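Annotated transmembrane segment per TrEMBL: A:12-31, A:37-57, A:77-95, A:115-131, A:143-161, A:181-204, A:216-241, A:269-294, A:306-325, A:340-362, in sequence order.
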Amino acid sequence: MEKAKISAIQLFALMFIFDLGTALIVSYGVTAGKDDWLSILLGMSGGIILFFIYYPVYRKYPDLPLTSYIGEIFGKYIGWIFGFLYCISFLYIAARNVRDFGDLLSSSTLTETPLLVIHTSFVLVICYVLYQGIEVLGRTAEIFLFVLILLGIIGNFFVLVSGDITFQQIRPPLEHGWGPIITTAFPTITTFPFGEMFAFMMLMPYLNKTKLVKKTWLSALICSGLILSWTAFLNMTVLGLDVMERSTFPTLATIGKVSLFDFIERLDAIVVLTLLLTVFFKAAIFLYSAVIGIVDLFKLKNHQQIILPVGIILIFTSMTIASSFSEHLEEGFDASIKFVHIPFFIIIPFLMLVISFIRNYIKKRSNAK
Amino acid sequence: MKNKQIILLFLCLFIFLISGCWDSNELQKLCIVAGMAIDKGNDNTKNRFRITVQIANPPQVAGDSQGGKMQASRVTNFTETGSTISETLRKISNKAPGELLFPHLQVMVIGEDLAKEGIADIFDVIERDSQFRVLFPILISKGPHSAKDILEVTTTLEAIPSAKIVEALRTSERYWGAYKATRVDEVIKGLKEGSFPISGIQMKGDLKAGNSIKNVEKISPNTIIQLKGTAIFKDRKLKKWLDLNTARGVTWVMDEMKSTVINLDCGMKKDAIAANVNRSKTTTDVKIKNNKPVIYLTVHAEGEILENNCSLDLGKSINLDQLDEKLEEEIKIELLQAIKTAQKEKSDLFRFGEKINTTDKKLWKKIETAWENDIFPKTEIHVNVQAIIRRTGMITKSYR
């Protein structure tokens, strides 16, 4: 824990950008067919439910990061192990995000640059921001929130006026019934990206007004959910299901189709920049959560001394996480959801909620006696 | 203080390190590919494709040809054979002076021979490689000349033949309506779904004379290239060529008509009046009757009289009403012709399947597999045309 405070708007910016990170660009939700946008909205409501699992636990310990009170809930030793596992999972997801970013850049724009170079330069910048502390990260997010909104407006505007939108592509709605929509929304979309917001349980104590947590969290979740759903909708109307299923980065393909007056073309930079910004914050938040978790668990003096070592682990992990991009994606939508997202962002938080309730109950009864 | 100096030194060093990219390239060393032609190779396993790339020669294109003498051609073609598109394109680097640059590719012409065997293998690389964009049009070279020959004809007015082809396609699409530009992404969608049309292109005149700068020194060139015919693709193969009026019917049905000219009879005189159709909207409705789809096409067209070579008084609205009916008849004939041909060829060019899916997805799931071959040819298709001639130009009666 460093001594720092961030404001509600900064937290909102962090959360908002965090949710958009990678999900906005990578192909996701296509298993729901033409109704992926609906599936994302459902997933968002799943995210809201998850929040009400996290929130009561947070209310009990508003001044502590997750790793500190997890020991009080599960008992000292089991809690410590869980806390450590959380740090590792945060680091793992950060590595996945970095890899998403690196693969997009090397397959679309920087085709000849080695992946390691992209990763190293990216992670070093993240490390630098985190070295400066959470306050700096929050302020940066506040500024880049507006840049991001501007990019979004420009990108959307050009896609809308380009005339590439055909609503026939999303018709008929519910082509295969509700089945695929629900199975895509739960658990895949609920956990990625909305469940990943659990990482903010590490950052909550920094908020200067604890009362605003609920408002901030939910508004960020709903805003980002709506934007993700809208983007998926737009991609589907421009590309059609077939291309959506095949393309690795649908949003990039969508913006690539914009061609106005033979003059406004190749707007790929907008998408790449959006990804750069969002992934930067997402990876930074995960890395920071992991770092202060480690500081907390191992009782280190401050987080600055271990940022660089952990950053190097991050680079190493992101390089070795998969041998190919296909393997990386496969892992992301299968193993990572099953073994990281569901247990760490749904099951353990739920257990935490139940156990803390039981403990409370026992405490009250013993007090009453 | 000393620290700051060291930092400054490092910053200065970084300027040298970060200013260059891995894949930087000097502009003048790149070969900008303007057009590409793909033909069948001479061998089915070793050399499946014969690819020709057309590289623009910027100084010749930009330089003023009035003052100076023309020394070199404004484009250069290189041809190579290979089994995959990428391999063949890489082989061309043995001949070309620099790296081939594809983002500015304007048109791709596919040879008829290859199209008859199937074009499924061409488009994967275009979709996969980030260098290519999927927005350029595809054309089929209509025999007897190959696609390579098409790109070898020098053109006037537009310095680069590929650019000339694209411009011709655009104006034809806009003012004539018969030949539409089919973009790569549309072709890929068609390959996935079944049938689709692609416009054709043909060379007229002598091949040898066309491949020379002398061709463009003449006022009427010996050899020209022109759009001709629309190719129907089914199962990824070229099945049939449609001629002019049927091709225009396809444009009508697909609601892509922008403007065109239709001749109308005047009493005994055939094709005496020319009407310009400048607004048109085709709506497709599907109704399900006895578990069978019935398709209703409604065309709303608006136009004006461009030319009147008979004594009909166009100042009287009753005469115009008669012309309206004739115009409706003419349009209807074209649509029916196109539909009949498509049904005969068992090719649902018009994507009626999609419309059936939106109307009744349960029925579509049942008939989806049998649609093109068994159901579509027998499906009832009704055409209703409503045409209105709004204006008669600057005069009413003709001088005669």
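Even glycines carry a Cβ here, placed using N, Cα and C.
TrEMBL does not curate its annotations; it predicts them automatically.
Counted as Cβ pairs under 8 Å, contacts with the transmembrane segment (A:37-57) are highest for A:340-362 among A:12-31, A:115-131, A:143-161, A:306-325, A:340-362. Put simply, of A:77-95, A:143-161, A:216-241, the stretch with the most CB pairs closer than 8 A to the transmembrane segment (A:12-31) is A:216-241.
The stretch in closest packing with the transmembrane segment (A:143-161), judged by the count of Cβ pairs under 8 Å and taken from A:77-95, A:181-204, A:269-294, A:306-325, is A:269-294. A Cβ distance under 8 Å defines the sequence-distant neighbours of the transmembrane segment (A:115-131), meaning residues of its chain 6+ beyond its ends; these are 98-99, 101-103, 105-106, 137, 140, 280, 283-284, 287-288, 291, 303-304, 307-308, 311, 314-315, 318-319.
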